[in-house]
Amino acid sequence: MTTNIRKTHPLIKIVNHALVDLPSPSNISIWWNFGSLLGLCLIIQILTGLFLAMHYTADISTAFSSVVHICRDVNYGWLIRNIHANGASLFFICVYLHIARGLYYGSYLFKEAWNIGVILLFLLMATAFVGYVLPWGQMSFWGATVITNLLSAFPYIGDMLVQWIWGGFSIDNATLTRFFAFHFLLPFLIVGLTLIHLLFLHETGSNNPMGLNSDMDKISFHPYFSYKDLLGFFLMIILLALLALFLPNLLGDAENFIPANPLVTPPHIKPEWYFLFAYAILRSIPNKLGGVLALLFSIFILMLIPMLHTSKQRSNIFRPMTQFLFWTLVANAIILTWIGGQPVEQPFILVGQIASVTYFSLFLIIIPLTGWWENKMLNLN
């Protein structure tokens with residue numbers, strides 16, 4: 001009898017257990033597609049980024065010109081840049097949907113995989129931020145100035161920390177060079193942590209929409225879910241192609257077509273759309289240090305969610321009250337995103353403050369209390 005190399009070779013065996021013979025719950029829906037879509041996004045971003053890095057120069061006098069050169073003179077440079085810029089937006093869409101799926105179906109109770117996922121989100125945000133600075137346009141420069149300046153809010157070490165990150169007394173060549181180094185390095189750190197994320201996930205197996213143990217009803221990942229995931233791949237690639245070819249600047253800021261000028265401040269400084277919800281929370285607190293802490297907590301609050309789970313049921317599928325609160329949270333995040341892009345004036349300030357309080361209240365108080373109340377209603381003491 002011939003041995004199957006897929007099951008015996010020490011290296012191929014690892015891939016086989018992760019992608020081919022992986023026991024998967026038979027009832028997982030399309031919402032479980034986003035993990036593999038994120039893997040595809042990461043591969044697309046690393047490949048396009050590598051080709052951009054071959055032509056980009058991390059120097060303040062030539063950075064903007066090198067991006068123009070990529071778009072005008074490099075073979076398909078315009079396409080590579082458009083895919084990379086819009087690929088970042090799709091990456092964040094997939095990340096937010098992936099997190100929303102985890103929140104809805106109680107996947108956060110796999111604490112190790114969940115916490116690694118939150119760290120991955122933080123690294124992804126850091127990568128996107130330093131990447132946005134690289135074209136050295138107006139919004140790149142002023143966005144970097146505003147966000148790095150926030151560190152000066154920390155008592156005693158703040159100013160020293162800012163100058164340490166800048167590499168001088170203002171944002172200059174040293175800043176751009178190190179941001180390019182970080183932008184090149186961090187995706188590979190993300191790849192490493194993704195493997196650890198998968199390792200922890202495969203220790204427990206996937207969750208499913210019912211939130212129940214599915215050990216008695218598992219099917220192999222390939223061919224069932226590998227083909228199901230291909231549908232998501234095609235849809236995402238079509239969407240990315242449509243964005244990159246027809247509406248490449250839809251999600252960007254027109255201000256970034258102007259070369260960076262330290263003497264002229266743009267009328268409205270705002271980050272890319274995927275940071276606007278956190279930016280709105282930052283702006284809604286009048287105190288600088290309070291705003292910075294709220295900004296950080298708006299992301300790291302996700303790490304507290306496993307500890308705040310009070311319901312005896314894992315998934316939201318049979319919990320109508322918590323379902324309502326989940327969709328309230330989604331609507332609230334959309335409102336925060338809209339507010340983050342508006343000027344700092346009334347009524348946007350008040351709406352932002354209400355939405356920020358609601359955001360933290362839902363996570364910390366309302367949803368845990370509702371879970372406890374549902375247990376009482378169902379006599380699940």
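Just so it is clear, glycine is given a Cβ too, placed from its N, Cα and C backbone atoms.
In Swiss-Prot this protein carries:
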TRANSMEM  34-54  transmembrane segment
TRANSMEM  78-99  transmembrane segment
BINDING   His84, His183  heme b b562 binding site
BINDING   His98, His197  heme b b566 binding site
TRANSMEM  114-134  transmembrane segment
TRANSMEM  179-199  transmembrane segment
BINDING   His202  ubiquinone binding site
TRANSMEM  227-247  transmembrane segment
TRANSMEM  289-309  transmembrane segment
TRANSMEM  321-341  transmembrane segment
TRANSMEM  348-368  transmembrane segment
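Most Cβ pairs within less than 8 Å of the transmembrane segment (34-54), among stretches 78-99, 114-134, 227-247, 321-341, 348-368, belong to 78-99.
Packing around His183 (heme b b562 binding site) is summarised by its Cβ count: 22 other Cβ atoms lie within 10 angstroms of its Cβ, all protein chains included.
Spatially, the transmembrane segment (78-99) is not adjacent to the transmembrane segment (321-341); fewer than three Cβ-Cβ distances between them are under 8 Å for residues at least 6 apart in sequence.
The C-beta environment of His84 (heme b b562 binding site), restricted to residues of the same chain at least 6 apart in sequence and closer than 8 Å, consists of Gln45, Thr48, Gly49, Leu52. Put simply, of 114-134, 227-247, 348-368, the stretch with the most CB pairs closer than 8 A to the transmembrane segment (321-341) is 348-368. Long-range neighbours of His98 (heme b b566 binding site) (same chain, six or more residues apart, CB within less than 8 Å of its CB): Phe34, Gly35, Leu38.
Cβ packing within 10 Å was compared across the binding-site residues His197, His202, and the lowest neighbour count falls to His202. Using a Cβ-Cβ cut-off under 8 Å and counting only residues 6 or more beyond its ends in the same chain, the transmembrane segment (227-247) has close neighbours at 30, 33-34, 36-37, 40-41, 44, 79, 82-83, 86-87, 89-90, 94.
Outside the transmembrane segment (114-134), and at least 6 residues removed from its termini, the chain residues within Cβ reach (under 8 Å) are 56, 58, 63, 67, 88, 91-92, 95, 99, 102, 107-108, 140-141, 143-144, 147, 175-176, 179-180, 182-183, 186-187, 189-190, 193-194, 196-197, 200, 271-272, 274-275, 299-300, 302-303, 305-306. Geometry remark: His183 (heme b b562 binding site) versus His197 (heme b b566 binding site), CA distance 21 Å.
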